[in-house]
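Student: The following block contains the structure, expressed as structure tokens.
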Amino acid sequence: MKALAKLERGPGLTLTRVKKPEVGHNDVLIKIRRTAICGTDIHIWKWDDWAQKTIPVPMHVGHEYVGEIVEMGQEVRGFSIGDRVSGEGHITCGFCRNCRAGRRHLCRNTVGVGVNREGAFAEYLAIPAFNAFKIPPEISDDLAAIFDPFGNATHTALSFNLVGEDVLITGAGPIGVMAVAIAKHVGARNVVITDINDYRLDLARRMGATRAVNVSRESLRDVMADLHMTEGFDVGLEMSGVPSAFTSLLESMNHGGKVALLGIPPAQTAIDWNQVIFKGLEIKGIYGREMFETWYKMVAMLQSGLDLSPIITHRFAVDDYEKGFAAMLSGESGKVILDWAAA
């Protein structure tokens with residue numbers, strides 16, 4: 001089958017042919033329709049330090065997808081041939097304390113599709129049936145293909161009650177921009193997002209941001225004053241991994257505020273702990289998606305009017321994958337879709 005793989009220890013990916021995956025007793029085989037390019041895939045493309053330490057070579061990658069079940073293992077129940085599915089990209093052990101307690105997103109033995117094992121940038125993907133998630137017919141293939149990052153945004157944004165709250169989001173990548181739409185959808189009052197990328201800040205405005213602030217030109221304090229915010233933000237969502245953005249977020253929080261961290265800052269990042277301690281801030285780390293509560297909430301929000309369509313800005317046939325990666329690398333894109341229909 002055709003697949004997009006890391007064949008050598010260096011930058012780039014190669015469209016090549018690999019063996020079709022075998023289907024285990026508890027697996028489903030998915031014929032891929034659409035995939036989306038993730039920030040993780042950009043790390044793999046660049047072959048940065050993280051990728052060099054993490055990605056086995058050779059291996060085909062990718063973990064954002066939608067497709068159709070074409071084969072099932074003999075032990076699979078609850079699915080049928082022809083079901084349209086996306087899937088949870090974190091494969092968990094099922095036996096550790098967190099898995100057995102229903103907290104699979106905290107499994108210490110997690111294996112990542114397209115990171116630690118063969119991925120979805122291929123004509124076919126085999127995964128445990130447990131990880132597959134049926135997509136309702138009213139949700140498009142394009143939106144279903146981005147359920148993985150949509151889930152990151154949902155898990156982060158819904159970590160705290162947002163109804164009537166003032167929310168600060170630092171980092172206007174696709175996940176941060178989707179978090180804007182989620183926060184507004186569930187009832188936040190002011191949703192302010194910061195970045196230095198005008199293209200993505202404009203996307204955030206289209207997704208409903210109260211203010212989208214280019215911090216290289218505009219003061220967050222001035223924006224807060226314009227919005228008549230006298231006490232600070234109630235909830236902060238850190239999506240950038242940029243130390244200066246995290247510092248600004250902490251300084252802008254109200255006393256008793258709540259902070260969710262999805263962005264990954266450098267390991268030795270220093271912060272002003274006075275901001276945390278004397279303000280009584282609650283800080284929560286976010287990894288992946290809650291299985292499968294996050295997935296059900298994603299569907300419910302889309303079915304109740306959440307519009308994420310502006311976040312999908314580019315579409316390419318898989319044979320033009322280099323154009324797709326170029327769009328992502330340019331910084332002037334939202335989500336980029338690769339179409340496998342003609343593969």
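The backbone N, Cα and C atoms fix where each Cβ goes, and this holds for glycine too.
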Student: Can you match one of I175, I182, I311, I312 to the NAD(+) site that Swiss-Prot gives for D195, R200, L262, G263, I264, I286, Y287?
Tutor: I175
Student: Under 8 Å Cβ to Cβ from R200 (NAD(+) binding site), same chain, six or more residues apart: give me those in sequence order, or none if nothing qualifies.
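Tutor: In sequence order, the residues whose Cβ lies under 8 Å from that of R200 (NAD(+) binding site) (at least 6 apart) are A172, G173, V177, G331, G334.
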Student: Counting every protein chain present, what is the number of Cβ atoms, excluding its own, within 10 Å of the Cβ of C99 (Zn(2+) 2 binding site)?
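Tutor: Step by step: centre on the Cβ of C99 (Zn(2+) 2 binding site), count other Cβ atoms within 10 Å, giving 19.
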Student: Can you tell which of H63, E64, C93, C96, G263 has the most other C-beta atoms within 10 Å, given these are the binding-site residues?
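Tutor: Most Cβ neighbours within 10 Å: E64.
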Student: Roughly how many Å lie between the Cα atoms of D195 (NAD(+) binding site) and C38 (Zn(2+) 1 binding site), rounded to a whole value?
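Tutor: On Cα coordinates alone, these residues lie 19 Å apart.
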